[in-house]
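Below is one structure, written out as structure tokens; the observations come after it.
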Amino acid sequence: MQVTRIIPDVPSFLASMMTFDTWSILFMVVQSLVIFLVVVIVAAMMIIYERRMLALWQDRYGPNRVGPFGSLQLVADMLKIFFKEDWTPNFTDKFMFTLAPAVAMFTALASFAIIPISPTLGVADWDIGILFFFAMAGIAVYAVLFGGWASANKFSLLGGLRSAAQTISYEVFLGLSLMGVVALTGSFNLRAIVEAQADGWYIIPQFFGFLTFVVAGVAVTHRHPFDQPEAEQELAEGYHVEYSGMKFGMFFIGEYVNVVLISALMTCLFFGGWLAPFNLDIPFIPPAFWFMIKTLFFMTMFILARGSLMRPRYDQVMNFGWKVCLPVTLINLLVTAAVILIFSPTL
């Protein structure tokens, strides 16, 4: 008597499932996870890089106790924050208190999906890339606001409100500053913007847009001198004063991920992304090398600003944005539109 086989042959079933499209999806998922992991590692290493550079510029020793020349300080810091007590105060809104650092970390990493590291290396090639970045930046505002409100602490709440006002304001200038680049390229796709700079980087025709983008980028990432939401002398660490352990670590790493993100955007929008300077053709240097060198340069500029500039008052920060950055970006956009209309009316 012949028995009908109900359970299919597993190897053949899996083989039938592994089509070209399936392999493409798996490759994209693995590549995305690797890129996100590398971004987190780079952001963590930037913390030690910042401490060493600040020590060099201030003529003092940096971290030098763990490992040869302090090389294992990052490992020590990670172990310390991992084993710290992740304490949630009783008077907090526990759901919002836990959600805030997760949102901060997620939006920072998700924004990296649009960054083209080389012609073939990147998570997503979207025509709405820049719009996606602004969507994530808008959601990130809620992370700080949730953290400040849920902590039930007056310093946290003031820091959260400062952050919301500052970030929303400077995101306006951030968007207007790169609209000139979008107008010249005719696309929101970052890969298309990089490829359009093959004949010349946009730093020259969009110099004033770049200056405003730098200022707004520092303000949006809450870095010194625009670190008003967490001003230690005024707000006792601001919106994350009640956080500890891994929750604080997610806020902390998220801030440095945002620094890497803004540095990468400066590279792609104004400095040709992976393109070599002066159209140099050096076969043994991969395109990703030029991208990383440019991004590292801007990350160093963030650190230099922290070590050399004073923190202005909160009202001065807001006045500078609305009374200086906004007029500059509008004039830059109007001039760019006029030049395009006169010299490239069919663009």
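Every residue gets a Cβ built from N, Cα and C, even glycine.
Among the features that Swiss-Prot reports, transmembrane segment is placed at 25-45, 95-115, 128-148, 168-188, 200-220, 251-271, 284-304, 324-344.
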Selection from 168-188, 200-220, 251-271, 284-304, the stretch that has most Cβ pairs under 8 A to the transmembrane segment (128-148): 168-188
Within-chain partners of the transmembrane segment (324-344) [C-beta distance under 8 Å, separation at least 6 from its ends]: 170, 172-173, 176-177, 179-180, 183-184, 205-206, 208-209, 211-212, 215-216
Candidates 95-115, 168-188, 200-220, 251-271, 284-304; stretch with most C-beta pairs under 8 Å toward the transmembrane segment (25-45): 251-271
Candidate ranges 95-115, 168-188, 284-304 - greatest C-beta contact count to the transmembrane segment (251-271) (under 8 angstroms): 95-115
Intrachain residues whose Cβ lies under 8 Å of the transmembrane segment (168-188), provided they are six or more past its termini: 127-131, 134, 137-138, 141, 196, 202, 205-206, 209-210, 212-213, 215-217, 219-220, 226, 269-270, 318, 321-322, 325-326, 329-330, 332-333, 336-337, 340, 347
Contact set, same chain, for the transmembrane segment (284-304): CB under 8 Å, 6 or more residues outside the stretch: 46, 49-50, 53-54, 57, 117-119, 121, 214, 218, 221, 223, 259-260, 262-264, 266-267, 271-277
